[in-house]
Amino acid sequence: MRDSITDFINGQILVLDGGQGTDLEERGINVSHPLWSTLPYLTRDGAQLECIRDMYHSFIKAGSNALMTVTYQASYSSLKKFSDGQVNNDAEYASFLDYIIEFTEKECISDNQYLVGSIGPYAAYLSNGAEYTGDYGDKPIDFISHYRPQVTHFASSTRVDIIGIETIPNIAEFKALLSLEFAKMCSSKPYYISITTDKHGNLRDGTSAKNVCQSIKDNAASLPANFLFFGVNCIDFSYCGEILAKLNGELSECTARFRAAYPNSGEVYHGDTHSWSENPTVGPLDTWENLTSTLLQQHCLMIGGCCRTSSKDISSIATAARGTNKSV
C-alpha cells in the first residue's frame, strides 16, 4: 500500500511534473483561451485529451512522482465567465472538476504517483498576466469566496492527495490564504502555498521578502497540521536557490519554511509579446542537476519545473534526487 503523502515526504522527495501549459502548446493545443490548458476538458476533444495523456506519461517516464491536475485556470469564477454556458452553477462545476480528476487518475497516472490538485491565483481569473505584476486593481477582492468552490471540492476528493495553491503574486491574496478561514476550507487535506517572486525574492506586487515572511510569522501559530510547507514557483531559474535561501533566512526562528521550488526553464518571458527568449544570465553551471543539489541542501521536499520546463528537465531533477529517493 502506498504511503500517505505526509509519510512519504518524511524521508523522500516529491518530484513534480514540468510546464504543463507550454508542453501542451508544443503538442499543438491552443492555449490562448482564458481557460488555457483546461479547455480540452470542456470540449472533450479526443485528440487534445490524448495530448494530455501523452504529456503526463512523458513526465512520469522522466521520473515525476507527483503530478498536477490541469486545473490552474479552473476556478469557479473562470468557468462561469469563460465556459460559454457549460458551467453555470455549483453542481455543474463539481461535475466538471470530477471529470478532470477521474480522467487524470484513471487514464494518465498510476497508483505509484501522487495527485496534486492545482489551484492558480486570482490572476488566472483576470487572465491579463497579473501573475507577473501582482496588480489586482484598487477594488477590494473577496479571496475566500473566490477560492472556496475549488478548494472545498479538492479537499473532499479522495482522489486528490494534496492541494497546491500556486503562483501567488499579491500580498493581500497571500494573507487571505494564511487565514484560519482558508485553513478550514482545506479541512484535513494536506496543502501548500507557493508564491512567485522577482529575482530578489520580493513578491511580484513589490512586497519585500522580509514583509512576506513577517506575514508568515504573524500567522505561523495558526497554520494547521495539514499545511505542509510554502513554496516558490514561476521564478527565475538562475536565482531560485538564492530566493529560497533568502526567504528561509527571514524565517530562521519560525517553524514554517519554504520547502518547495519549481522555477521556470531559465528563459525570459516578454509580457508585451507573450514570447520567450534565451536568458543571458544563465551560465554553464546553471543546470537542473546543480540546482536540485542546492535545493536539497536547503531541505526542499518538493522540486519540479514551471513554465517551459520539459520532461528532459524533470529527468535531470529526478536523477539528482535519486540519492535521496528510493522511489525515483
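Glycine residues also receive a Cβ, built from the backbone N, Cα and C atoms like all the rest.
Copied over from TrEMBL, here are the features:
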type: DOMAIN; residues: 2-321; note: domain 'Hcy-binding'
type: BINDING; residues: Cys234, Cys306, Cys307; note: Zn(2+) binding site
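Here the features listed in TrEMBL are placed on the structure.
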{"residue": "Cys234", "record": "Zn(2+) binding site", "CB count, 10 Å": "23"}
{"residue": "Cys306", "record": "Zn(2+) binding site", "CB count, 10 Å": "25"}
{"residue": "Cys307", "record": "Zn(2+) binding site", "CB count, 10 Å": "22"}
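As a whole-number mean, the pLDDT of the domain 'Hcy-binding' (2-321) in this prediction is 95. Mapped onto three states, the DSSP output places Cys234 (Zn(2+) binding site) in coil.
The Zn(2+) site, placed at the center of the C-beta atoms of Cys234, Cys306, Cys307, has further neighbours from the same chain whose C-beta lies within 8 angstroms: Gly19, Thr167, Thr196, Asn233, Ile235, Tyr262, Pro263, Asn264, Gly305, Arg308, Thr309.
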